[in-house]
Amino acid sequence: MQSLILINSGWLLHFVLSFYLIRHINHLLLRGVLTLIPCIILTDIGARNLPPHDIQSVFGIACYWMMCLRLLHLVVLSVDQSQTFLSFLCKCLWIYFPVKPCSVEEKQWSVMFHLLSAVIKFLLNRLIHKWLLICEANDSYIRVMVYFISILTFSYVIDLETVLVRIITRDQYTMQSLNNIPFLSQSVREFWGQRYNQIIGTILKESLFQPLNLYISSRSISSLLTFTVSGLFHAHIVLVVFNDKSSLWSTFAGFFLNGIACGMETYLPARLPSLFRYMLTYGVLLFTAPMCLGPYAEDKAVYFGVDPLSSLGDRMISILPVPNICPV
């Protein structure tokens, strides 16, 4: 507990120094060094205090990396001198509570829909969790796909938070959705940029891809650099949470290959048949899925980091039959 307080105090101090001191330095390289070195140190110290094989550790590392990217964006790549410290701090900490204004142009599902969706996803998530726990761990395509579905159903947390935020703010604000039906993606770019893990994707887009476009004329190179950082970020998770050095390269390569695929898509004819686009997209995603998700599918302890038998969800689904055929 004491180490957590010290780490959080270190981040807060870095936010203050970044806003009031570092971002006013004219030299770009010096701003970058003074911003990133404390970020790297704080992320490393924080990661060392996270428990292995725990889903909370995955979230913890994600938060550290996303705060670093926000600081890189706001202090180094595109400095907005008119910004207040409160807005600066809220953007840096947005990963913890990704609230956004309700948009008139964007279709908003009803509160009841989000509530029902949360209940269904919660029960399905616990059922998949129980099923995967009784089966032998491996990184086969089928198990990885089942684990991927469990990731999608975990968005019940965001659905519940959306219900609370919209009720409290009277539909003035909502939560950034986690996923938007990824299986409908017609391209790799659409999958990563608009449909899957939109919270992390929003930060990568706003704080890395778009600022890089101010310095790099090629959007394909900016996209590849963004996927490179994402690959390093996910490799760090594999190292800290799973202590799996053997999967570092494959994890990084999985995201790097997706970045190459996004760049190559720009050279495809605009009027390709939808079926062909769909097959090409999921050919890439299926090929790289075990590289990106294999370590998670192989680890039984990381799913929720708690005893599944003690959870309310498992008691609720105890009357439901669990498939007796394991995904292999």
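Just so you know, glycine gets a Cβ as well, placed from its N, Cα and C.
What TrEMBL records for 180-253 is domain 'Wax synthase'. Note on the domain 'Wax synthase' (180-253): DSSP counts are 59 helix, 0 strand, 15 coil.
Same-chain residues lying 6 or more positions outside the transmembrane segment (5-22) and placing a CB less than 8 Å from one of its CB atoms are 31, 34-35, 38-39, 42, 45-46, 49, 67, 71, 74-75, 85, 88-89, 92. Feature annotation from TrEMBL assigns transmembrane segment to 5-22 (among others).
Per TrEMBL, the feature transmembrane segment maps to 28-46 (among others). Taking Cβ pairs closer than 8 Å, the transmembrane segment (28-46) reaches residues 7, 10-11, 14, 18, 22, 60-61, 64-65, 67-68, 71-72, 75-76 in its own chain, all 6 or more past its ends.
The transmembrane segment annotation in TrEMBL covers 58-76 (among others).
The feature transmembrane segment is assigned by TrEMBL to 140-158 (among others). Sequence-distant contacts of the transmembrane segment (140-158) (same chain, at least 6 residues past either end, Cβ-Cβ under 8 Å): 117-119, 121-122, 124-125, 128-129, 131-132, 175-179, 182, 199, 286, 289-290, 293-294, 296-297, 303, 326-328.
Marked as transmembrane segment by TrEMBL: 224-242 (among others).
Residues annotated as transmembrane segment in TrEMBL: 248-268 (among others).
If you look up TrEMBL, you'll see 275-297 (among others) marked as transmembrane segment.
Within the chain, the transmembrane segment (58-76) has long-range Cβ neighbours (under 8 A, six or more residues past its boundaries) at 11, 14-15, 18-19, 22-23, 28, 31-32, 35-36, 39-40, 42-43, 46-47, 50, 83, 88, 91-96, 200, 203-204, 206-208, 211, 229, 233, 236-237, 240-241, 302.
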